[in-house]
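Trainee: Below: one structure in structure tokens.
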Amino acid sequence: MPPPAPPTVLVPSERAVVLLSCVLSALGSGLLVATHALWPDLRSRARRLLLFLSLADLLSAASYFYGVLRDFPGPSWDCVLQGALSTFANTSSFFWTVAIALYLYLSIVRTPRAPRAGRLLLAFHVVSWGVPLAITVAAVALKKIGYDASDVSVGWCWIDLEAEDRVLWMLLTGKLWELLAYVTLPVLYLLIRKHINRAHQALSEYRPILSEAHRLQHHSSMADKKLVLIPVIFICLRVWSTVRFVLTLCGSPAVRAPVLVVLHGIGNTFQGGANCIMFVLCTRAVRTRLFSLCCCRSPPPAESPAAPKASAASRTGDSGTRGDPRELPHT
């Protein structure tokens, strides 16, 4: 095992950028949680999963903010606490991101053989909260979380670089699940898109006689269709962390390049902000209601595109019934 590389020194400008990313991510995650609480008719099954992802991202952004602000000079009790919280939240975020992709795959592609929604959600909770918690408790109990000299982070604490088996624990506390997500997410979403394209082709001859209600249902499902962008954003944000991880293992001085440090800091902290841009600011039903609330105007009428969304969700998710193949292109 090669000795740890010299510590990465964070300059004030780098810290400021990463702190700003943490704040924006926390605000974005909080806004996603608020919209879920304010408007029950927008609570589709997919958006409920997005809620749990937002909670994990919110905790992750808060713990990273403290770590970057503190910029630990060495081992301390709050270094271990911050490292444990960020490890749990970050790993949980990986699991919930994959859970969303798996849910969409089962509900769209494997509809006849998909498990009931309630049972599936319970399994997601057990895995996405339970596995990260067990890993984090084990890491803390074995004293593997500690000061890492910012070589595999951007000021926050993670795995102690003095530990002999540090690579194993880096994999268990994040990198293994991150690498698996790089493979799992594109595969699942490619299968989903392939299935949807086939459904579009099968329905092409009937499109001229589609009803107005069917058109409205198409608009109501646009927010859920944007969930397909999650793996793209996930990979674009997280890849810089993986690059620095590999450079650290190789003992390369490039791990301390300012550009990589900043990209790593933004990538690990901005997931909540990116999700907010997609599913709040770029979603008409949510954006209209949010602007109406901010401007003290009355909410949109019941026949807005958001209204059919609730009924569609009850048919395909909450009621536990199977979806109609005709609705697949609009999922």
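The backbone N, Cα and C atoms fix where each Cβ goes, glycine too.
Because TrEMBL annotations are produced automatically, they should be read as predictions rather than curated entries.
Remember, it's a predicted structure, so these values are computed and weren't measured experimentally.
According to TrEMBL:
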{"type": "DOMAIN", "residues": "14-283", "note": "domain 'G-protein coupled receptors family 2 profile 2'"}
{"type": "TRANSMEM", "residues": "16-37", "note": "transmembrane segment"}
{"type": "DOMAIN", "residues": "28-236", "note": "domain 'G-protein coupled receptors family 1 profile'"}
{"type": "TRANSMEM", "residues": "49-67", "note": "transmembrane segment"}
{"type": "TRANSMEM", "residues": "87-108", "note": "transmembrane segment"}
{"type": "TRANSMEM", "residues": "120-142", "note": "transmembrane segment"}
{"type": "TRANSMEM", "residues": "168-192", "note": "transmembrane segment"}
{"type": "TRANSMEM", "residues": "227-247", "note": "transmembrane segment"}
{"type": "TRANSMEM", "residues": "259-282", "note": "transmembrane segment"}
{"type": "REGION", "residues": "299-331", "note": "region 'Disordered'"}
{"type": "COMPBIAS", "residues": "304-314", "note": "compositional bias 'Low complexity'"}
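Buried or exposed, and what's around them? Tell me for each listed feature.
Mentor: Within the same chain, residues 45, 48-49, 52, 56, 80, 84, 87-89, 91-92, 95-96, 99, 103, 106, 114, 159, 169, 172-173 sit at least 6 positions outside the transmembrane segment (120-142) and bring their C-beta atoms closer than 8 Å to a C-beta of that stretch.
With a threshold of 8 Å between CB atoms, the same-chain residues lying at least 6 positions outside the transmembrane segment (227-247) that come near it are 46, 50, 97, 100-101, 104, 151-152, 170, 175, 178-179, 181-182, 185-186, 188-189, 192-193, 254-255, 260-261, 263-264, 266-268, 270-271, 274-275, 278-279.
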